[in-house]
Amino acid sequence: MLITQQRDRFYYWRETFTFVENPTMAGNTFGTVFKLTTFGESHGVAIGGIIDGCPAGLEVDLDAVEAEMQRRKPGQSSIVTQRKEEDTVKFLSGIFEGKTTGTPIGFVIGNTDQKSRDYSHIKDTYRPSHADFTFDKKFGHRDYRGGGRSSARETACRVVAGAIAKQLLKDIKITAYVASVGELKLDKPHTEVDFSEIEKNPVRTADAATAVKMEHYIKQIKKQGDTVGGTITCVIQNVPQGLGEPVFDKLHAQLGKAMLSINAVKGFEFGSGFAGTKMLGSEHNDIFNKDGSTKTNYSGGVQGGISNGEDIYFTVAFKPVATIIQKQWTINAKGEEVEMMGKGRHDPCVVPRAVPIVESMAALALADFWMLNNLSKLDNF
Ligand SMILES: Cc1cc2nc3c(=O)[nH]c(=O)nc-3n(C[C@H](O)[C@H](O)[C@H](O)COP(=O)(O)O)c2cc1C
Ligand SMILES: C=C(O[C@@H]1CC(C(=O)O)=C[C@@H](OP(=O)(O)O)[C@H]1O)C(=O)O
């Protein structure tokens, strides 16, 4: 081979691999085998995704997908953003005669009620604690309308994939609920929560009286043009033993990544979490029953990064929404200090709509581990 040909080949491969390893805007895919890639901006034509690695032959209950979308969609009650989107999912591929074909499942969700005028004042001005500043610094060119790609609108795609992952997981039951809004707490450990209460109130907490207080508080905060944070607890039941891939892809590590990838998340507490630090080993150790189950479950259903068959539980902390309808000082792209006020339709508190997002991300993490676990033993081939 001529030296010039060799050189051209070298450059060809270098460029190819550089592209594959360092694609621009990396980070739009979650999962190793059961994978979700999402695309789209909040005020663009549509958002959507591709679910790859879903096995063939899964009967997809489209009504169940639709029901999950209704739980997340904007405009669903007076304590969430008043942007009105139907969030009907249009599947483009990968499902035939009601069953998955094992090929990529492509889907789109239209954006129909965007009001981009509300964002013209932040074209060159950064909302404090939103993603405007960092997206600008990283990419230099961004769709500022509605926060573009940084908007939680993208999480609609996660809910589509999560709804399918839930169906793949069959008996594994994933339930999330609002555990606190500001200082208002649902005063019950997850083991005493009545899951049937969650969908009966717009806050999605598991107690009617607490829900009334939380709803009232969110409305009050909204009137002041302000926002408030909260926490969501998630419980996963009927988990088979063996899910999780030590050492770097431990089950709770991936769940942490899944949760921390959700917009506005600031904390993830797994199993006994921070409270466990105040206990002694003699109190904290989960003592076995003869069948391998444990008498207590401070481990949160995971030991050594692998599920042990007990319930998995964790809590996710969400910050107060950044866009407030109050004047605040900020800076513009020229570095000048300017006063700005948020405009438009924002969530005064994200937790009511984040409940199905937390469940979906948990389902995606578990579906991936379920697929991977089938590869971990020769007996499975
Ligand atoms: C369900 C949900 C709804 C949200 N709604 C809003 C909103 O209406 N306005 C807003 O400024 N941020 C909202 N956020 C948060 C922003 O998307 C998020 O703060 C922003 O992308 C910056 O990312 P970070 O807070 O994770 O750093 C929402 C988050 C979630 C999970
Ligand atoms: C559109 C959704 O939520 C949006 C999330 C969001 C943000 O900054 O994250 C800001 C608001 O966007 P807009 O100003 O366009 O109404 C929310 O409504 C959705 O969840 O589907």
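Cβ atoms here come from the backbone N, Cα and C positions, even for glycine.
Computed from a predicted structure; not experimentally measured.
Sequence annotations record features per position, and here TrEMBL assigns NADP(+) binding site to Arg72. Annotation source TrEMBL lists FMN binding site at Arg149, Ser150, Ser151, Asn263, Ala264, Gly304, Lys319, Pro320, Val321, Ala322, Thr323, Arg345.
Annotated features, which come from TrEMBL, shown on the structure.
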| residue | record | CB count, 10 Å |
| --- | --- | --- |
| Arg72 | NADP(+) binding site | 25 |
| Arg149 | FMN binding site | 21 |
| Ser151 | FMN binding site | 21 |
| Ala264 | FMN binding site | 21 |
| Lys319 | FMN binding site | 16 |
| Val321 | FMN binding site | 22 |
| Thr323 | FMN binding site | 24 |
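When the binding-site residues Arg149, Ser151, Lys319 are checked against ligand 2, Ser151 have a Cβ within less than 6 Å of one of its atoms. Close contacts with ligand 1, defined as a Cβ under 6 Å from any of its atoms, occur at Ala264, Thr323 among the binding-site residues Arg72, Arg149, Ala264, Thr323.
DSSP assigns Thr323 (FMN binding site) to coil in the three-state reduction, placing it in neither a helix nor a strand.
In this structure the residues listed as binding FMN are Arg149, Ser150, Ser151, Asn263, Ala264, Gly304, Lys319, Pro320, Val321, Ala322, Thr323, Arg345; their two most distant Cα atoms lie 44 Å apart. Taking the Cα atom of each, Val321 (FMN binding site) and the residue listed as 'NADP(+) binding site' are about 16 angstrom apart.
Arg149 (FMN binding site) falls within a helical segment according to DSSP.
The secondary structure of Arg72 (NADP(+) binding site), as reduced to three states from DSSP, is helical.
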